[in-house]
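The structure under discussion appears below in the form of structure tokens.
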Amino acid sequence: MVSPAAATIEPIAPLRPPTPPPSNPSRPLHTLPPPFTSSNLQLLAQGAEALVYKTTFLTPNTPCVVKYRPPKPYRHPTLDRRLTKARILAEARVLVRAGREGVSVPRVLGADWEAGWLVLGWVEGGSVRAVLDGWTERVKNRRKAYEASTGHAEEKEMLDLMSRIGSCIGHLHSIGIAHGDLTTSNIMLKSPSADLNSTTNGQAAVPSSTSSGSAIPSLAGQITLIDFGLASHMVPHSADEEGAVDLYVLERAFSATHPAAEPLFAEVLKAYGQSWKGAKGVLKRLEDVRLRGRKRSMLG
Amino acid sequence: MIAIGLEGSANKIAVGVISHPHPSKPPIVLANLRHTYNSPPGEGFQPKETALHHRAWVVRLIKQAVKQAGVKIEDIDCVCYTKGPGMFAPLQSTALAARTIALLWKKPLVGVNHCVGHIEMGRAITGANNPVVLYVSGGNTQVIAYSANRYRIFGETLDIAIGNCIDRFARVLMIPNDPFPGYNVEQLAKHGKHLVDIPYTVKGMDASFTGILAAAELLAKGIDEKLPPEKRLKTESGELVTKEDLCFSLQETVFAILVEITERAMAHVGATQVLVVGGVGSNVRLQQMMGLMARDRGGSVFATDERFCIDNGIMIAHAGLLEWGTGVTTPLEDSGCTQRFRTDEVYVGWRDD
């Protein structure tokens, strides 16, 4: 089987001095294909996949978001076209379907999968991440000032907000869609005023209550989910798993914000549990996902 | 400080001797030897035969490495060996050899995580100080970034390793195993021209490769020369698909997956450097694709060639010596090995950034 005499030991050449490849400081900038001009583009985010800009679409006072997936120079052009097309279409389909079923998501205004762009309606408002950051900051300050009086009203509003988040996620899952990247940055609180000139689906926004003092921003507004780049239609046999992973990702986003934000998440789960008939299975699965951590042990 | 390192987690038995003259100076390789067990074409290496191979070669390699290094036994500070992850029987043979020389020479043992060995070797040889690491080999596929004394896994394969996928793809096409299947696939791919559809599966920062194997079986049947020409697989332009085209398509697809998940991790942690380690990391096309991606992000790629990408004893000696320098040794009673040993289980005490 093993014949040691037949082969010789391979000597491996000694260490040579390190030669790091030169880095290229002149980074190529992407230009958006027409009909977008570079004049009123405002870069919102640069992910691994897409560049996200704010601009206007069709009329100068229709604000919109352009999600542009530039061609990847490392990818074979055929493969690149195939993936870009599949991903733009998948994202658009999920958004259209979610919108039709009454989940508040950005509207799809247009897409060109050959050119690599998707145009979405602008969502006016702030992210839940910003709300949580502001809230934890105020909690800290209140603790310092030993002042609990102003806290109660806000506390109640926060719990109400969490409950609306839980119901919204439940609604999304109930129509068979997993978000895939459910962080607090991807959950928005749409400003009630922004609904005036748009005809989005869903219930009318709750009027803002200003009773709890001017320093505290209003927590009214519709929960709107954004960034469906990793979203998918759930496969029946793994729906519990996909739903649980969504919740787990969100839970980690909460605990990463501030330890004080963790109890709030319980309220999200409570509302989620009452939101749809499959919720029980998902919540049960969530316990497994937590135990497993992010990853299962590697086998190869 | 001088260490001897024994690596035998897969089909290579390797012995290296390294010296760390001073923390501010680069390490010196005194000896770096290995011997590879090659199974016949169409077959993979089995634990039992591989372990027999390692046992047959380890003594010779140790003797020759010590002789070549020109060091006295008393100058060696510690004996490092691969504790895992890997195939159990080969790991066990290697651990046994390490224990034996440690007792014989009265030296402390240091059990090393194979993945950490690759990362530390890659950092030392390329000078990349804090890169996102893509570790790709026959048994592992991980995207790793350093944070607070751990090498944390950001993305990884959900099923089989990339090297395993390439090897098994090669096996289906009856591509030889010598020097290693991935090398032969790489050479054939250079002559491929047509891109054939192969499943592309990315889930967030993770990847999946099993679908490719199922596709490979079908594709291999489609290019069988015994089939009448009208039944054979053709490209859009009507040409017959060749073995070279399949190798080309495989590489273009799986490497695009790897580059994509690496880019996600880089965007997530805000890194611009990327280091590619592990056996598959010696593939020039992968390095090239990674370079194009890194350039687009204003960064650069660091890669080594097969001397240090492919499993070797030096990486174990190097990582082991770093760990020994922080006062860590492996007591004899804990000097076993383990098939599953997560990269993030190791406390990286030798880095303080």
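Keep in mind that glycine also has a Cβ here, set from the backbone N, Cα and C atoms.
Record features (TrEMBL):
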| type | residues | note |
| --- | --- | --- |
| DOMAIN | B:33-317 | domain 'Gcp-like' |
| BINDING | B:HIS114, B:HIS118, B:TYR135, B:ASP311 | divalent metal cation binding site |
| BINDING | B:TYR135, B:VAL136, B:SER137, B:GLY138, B:GLY139, B:ASP167, B:GLY182, B:GLU186, B:ASN283 | substrate binding site |
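Shown on the structure are the features that TrEMBL records.
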residue  : record                             : contacts (Cβ under 8 Å, 6+ apart)
B:HIS114 : divalent metal cation binding site : B:GLU7, B:SER9, B:THR82, B:LYS83, B:GLY84, B:PRO85, B:GLY86, B:ASN140, B:ASP311, B:ILE316, B:PHE341
B:HIS118 : divalent metal cation binding site : B:TYR135, B:SER137, B:VAL277, B:GLY278, B:MET315
B:GLY139 : substrate binding site             : B:SER9, B:ALA10, B:PRO85, B:GLY86, B:MET87, B:ALA161, B:GLY163, B:ASN164
B:GLY182 : substrate binding site             : B:GLY163, B:ILE166, B:ASP167, B:ALA170, B:GLY279, B:VAL280, B:ASN283
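Taken together, the residues of the domain 'Gcp-like' (B:33-317) have an average pLDDT of 92. Taken residue by residue with DSSP, B:HIS118 (divalent metal cation binding site) is part of a helix.
Among B:TYR135, B:VAL136, B:SER137, B:GLY138, B:GLY139, B:ASP167, B:GLY182, B:GLU186, B:ASN283, the residues given in the record as binding substrate, the maximal Cα to Cα distance rounds to 18 Å. Other Cβ atoms within 10 Å of the Cβ of B:ASN283 (substrate binding site), summed over all protein chains shown, number 26. By a Cβ separation below 8 angstroms, chain A lies close to these of the binding-site residues B:TYR135, B:GLY139, B:GLY182, B:ASP311: B:GLY139. Over all protein chains present, the Cβ of B:TYR135 (divalent metal cation binding site) has 28 other Cβ atoms lying within 10 Å.
B:ASP311 (divalent metal cation binding site) carries neither a helix nor a strand DSSP state and counts as coil. Residue environment of B:ASP311 (divalent metal cation binding site) contains 27 other Cβ atoms, counted within 10 Å of its Cβ in all protein chains. Reduced to three states, the DSSP call for B:ASN283 (substrate binding site) is coil. Listed in sequence order, the residues B:SER9, B:CYS115, B:GLY117, B:ILE119, B:SER137, B:ASN140, B:VAL277, B:GLY278, B:GLY279, B:MET315 complete the 8 Å Cβ shell around the divalent metal cation site centroid, once B:HIS114, B:HIS118, B:TYR135, B:ASP311 themselves are left out.
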